[in-house]
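> The structure's right below; bear with me while I get my questions together.
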Amino acid sequence: GLPVCGESCFGGTCNTPGCACDPWPVCTRD
């Protein structure tokens, strides 16, 4: 959910461990 991971995921995936592309295109932590 939150907070944001400081990463965008236009490609649909996040490189930051523990982060998910939700809501697209923003990476957030569970």
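Every residue number used here counts from 1 along the chain in the order it is shown.
Placement of Cβ uses the backbone N, Cα and C atoms for every residue, glycine included.
The disulfide bond annotation in Swiss-Prot covers Cys5-Cys19, Cys9-Cys21, Cys14-Cys27.
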> For the C-alpha pair, I'd like the distance in angstrom between Cys19 (disulfide bond) and Cys27 (disulfide bond), rounded off.
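It is 6 Å, counting Cα to Cα.
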> Can you check which residues sit near Cys14 (disulfide bond), meaning Cβ under 8 Å from its Cβ, same chain, 6 or more apart in sequence, and list them in order?
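The list for Cys14 (disulfide bond) reads Cys5, Glu7, Ala20, Cys21, Cys27, given in order along the sequence.
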> Return the count of C-beta atoms lying within 10 angstroms of the C-beta of Cys5 (disulfide bond), excluding that atom itself.
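Other Cβ atoms within 10 Å of Cys5 (disulfide bond): 19.
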